[in-house]
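Among the features that TrEMBL reports, region 'Disordered' is placed at 1-28. Positions annotated as transmembrane segment by TrEMBL: 128-152, 172-198, 218-237, 243-263, 404-424, 444-465, 527-550, 570-590.
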Amino acid sequence: MGLKDTKDGTSLPRPSGSFSKATPPPQEIDVVNSYNLKSTSGSFSDGEKVEKKPGGWRAVTFILGNETLERLGTIGLLSNFMVYLTRVFHLEQVDASNVINIWSGFTNLTPLVGAFISDAYVGRFKTIAFASFATLLGLVTLTLTASLPQLHPATCNSKDPVSCGGPNKLQFGILLLGLGFLSIGSGGIRPCSIPFGVDQFDQRTEKGIKGVASFFNWYYMTFTIVLLITQTVVVYIQDQVSWVIGFSVPTGLMACAVVMFFAGMKLYVYVKPEGSIFSGIAQVVVAARKKRKMKLPAEDDGTVTYYDPPVKDSVLSKLHHSNQFRFLDKAAVIIEGDLTPEGVPANKWRLCSIQEVEEVKCLIRIVPVWSAGIISLAAMSQQGTFTVSQALKMDRHMGPNFEIPAGSLSVISLLTIGVFLPLYDRVLVPFFRRITGHKSGITLLQRIGTGIVFAILSMIVAGLVERMRRIRSINAGDPAGMTPMSVFWLSPQLVLMGLCEAFNIIGQIEFFNSQFPEHMRSIANSLFSLSFAGSNYLSSLIVTTVHRFSGSHDRPDWLNKNLNAGKLDYFYYLIAVLGVFNLVYFWYCARGYRYKVGLQMGDFEENKSFSDVEMSSKKQLK
């Protein structure tokens with residue numbers, strides 16, 4: 001082809017696209033038209049077309065209501081699950097921990113499948129609808145395991161539940177079936193709930209952008225409220241009143257969530273699935289491999305013709321053409337036969353656009369940083385397993401008549417987050433901003449790294465407290481292993497873990513959502529869930545390995561069911577040591593990371609937008 005792409009030496013994105021010699025000004029996008037397409041049918045099957053019905057906050061109210069009730073149901077049922085498995089199903093703490101970790105890992109893998117199905121085939125509404133029914137079915141199944149005597153082991157009055165008979169194959173199978181339904185539900189809800197809420201706003205208007213920002217604030221606020229309620233009220237009902245009632249309440253709330261979600265059907269904005277992002281990623285990799293023998297100049301000097309068409313309406317920012325991972329640029333190089341007479345690719349598996357190539361580069365840049373977050377999340381997972389086991393052996397009384405449920409201790413971490421975040425936003429950010437000159441005080445990667453440090457400190461403190469608890473318990477000589485020591489001695493490690501969440505978790509969420517292109521946020525949310533999956537499997541691997549190899553015939557293992565005979569503090573120190581190595585790896589990944597640079601579509605001030613991008617490119621892509 002005789003098409004040539006004239007370059008100006010800066011590799012700036014051209015909003016008008018194509019490969020013409022001139023760089024025309026950005027074209028205005030007809031916002032009203034693109035957001036008011038009418039469907040030819042009002043049926044449910046046609047609902048996934050882009051038809052901006054009322055949308056906005058009227059629709060988001062139903063989405064947030066559904067999300068809040070759904071989280072109240074699932075988290076409420078599972079927040080005290082370690083206690084349920086040990087007291088009702090009579091599992092050893094290592095077995096119970098592995099059940100939770102393996103199931104949690106699987107649950108955090110399923111969002112990748114849900115994101116693929118949603119983006120490629122059925123759309124977000126149908127995915128959430130199907131997943132909500134699966135979640136409800138899972139909650140009903142688990143509630144039946146608590147209410148029907150045939151579905152759980154016989155009641156045992158021994159002070160040591162582990163000495164009682166465990167579940168048979170049928171009982172354990174029904175338990176896993178219920179957890180499986182919950183995993184399917186999470187796979188559809190987690191990757192789609194936030195993007196579906198964002199779909200309700202017109203992000204090409206200032207009002208829509210503000211609406212999205214406000215939606216995120218409300219989303220995380222309701223999530224925190226849910227955690228506080230489940231970790232206190234629901235856990236107390238399960239622990240002190242009845243497991244049947246404690247499971248039935250979350251199940252009923254989930255049923256209300258399903259009803260509320262469908263009640264807003266006439267108000268929702270439905271976005272038609274445009275094909276999976278995963279297919280586009282595969283096309284870039286395959287196209288680059290097919291042209292692997294092609295030679296590219298070390299710098300983009302304008303001698304190579306790239307396929308650079310206008311971006312789709314659904315894409316809100318055109319990514320800057322970077323010089324990093326240049327081998328992928330071969331996928332966008334035009335050679336003879338790549339284009340049809342109409343100027344479109346003859347084969348998408350041989351020619352991709354510069355935008356598609358840069359999206360894959362974003363993913364490659366993020367993966368090393370993402371992988372570094374797994375070990376710190378593995379430290380967090382101990383809150384719901386061995387920290388609960390410690391609390392069960394400590395004095396949990398608050399006053400003469402009230403005993404704190406062991407599963408409620410994680411509220412300390414939540415309260416830490418609730419107190420610290422306003423302080424961080426109003427005091428620490430302005431203080432660091434004056435020092436660093438950065439608008440957020442510190443960068444996102446610095447925030448994540450700080451969270452990793454707090455995770456390490458939390459495990460060190462946890463080990464010191466456990467050593468103190470074991471010594472006091474042995475000296476007390478209680479046959480049941482109870483310790484004359486307040487459960488609030490566990491507060492320091494939980495406070496440090498709350499600071500880890502405030503820095504690391506929130507930092508990762510913001511990092512993924514800001515560094516991925518806007519239309520790839522379903523992958524961003526899936527990748528965040530995948531971090532938890534990796535941490536769950538890593539934690540299960542560490543627990544199993546330590547349990548098997550840390551003991552001998554004459555010496556109990558570190559994670560022995562008798563905490564006083566074991567060495568749980570050594571286990572915490574092991575995770576801390578792994579955290580130190582992980583911190584070094586994260587530092588290595590972060591120091592070479594290049595933040596995303598893009599041109600926001602819809603910014604019609606040509607000179608301003610181009611100069612802003614150029615300044616950013618000089619700072620970021622040296």
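Any Cβ shown, glycine's included, is placed from N, Cα and C.
What TrEMBL says about a protein is an automatic prediction, not a curated fact.
In this chain, the transmembrane segment (128-152) lies out of contact with the transmembrane segment (444-465); the count of Cβ pairs under 8 Å, excluding pairs fewer than 6 apart in sequence, is fewer than 3.
For the transmembrane segment (243-263), the list of distant contacts is 62-63, 65-70, 72-77, 80, 84, 88, 128-129, 132-133, 135-136, 139-140, 142-143, 146-147, 230, 234-235, 237: same-chain residues at least six beyond its ends, Cβ to Cβ under 8 Å.
The highest tally of CB pairs under 8 A with the transmembrane segment (218-237), across 128-152, 404-424, 527-550, is held by 404-424. Sequence-remote contacts of a segment are chain residues at least 6 beyond its ends whose Cβ falls under 8 Å from one of its Cβ atoms, and for the transmembrane segment (128-152) they are 66, 70, 73-74, 77, 84, 88-89, 114, 122, 167, 170-171, 174-175, 177-189, 192-193, 196, 243-244, 246-248, 250-251, 254-255, 257-258, 261-262. Long-range contacts of the transmembrane segment (404-424) within the same chain: residues 79-80, 82-83, 224, 227-228, 231-232, 235-236, 238-240, 383-384, 387-388, 391-392, 396-398, 487, 490-491, 494-495, 497-499, 501-502, 506, each at least 6 residues beyond the stretch ends and with a Cβ under 8 Å from a Cβ of the stretch.
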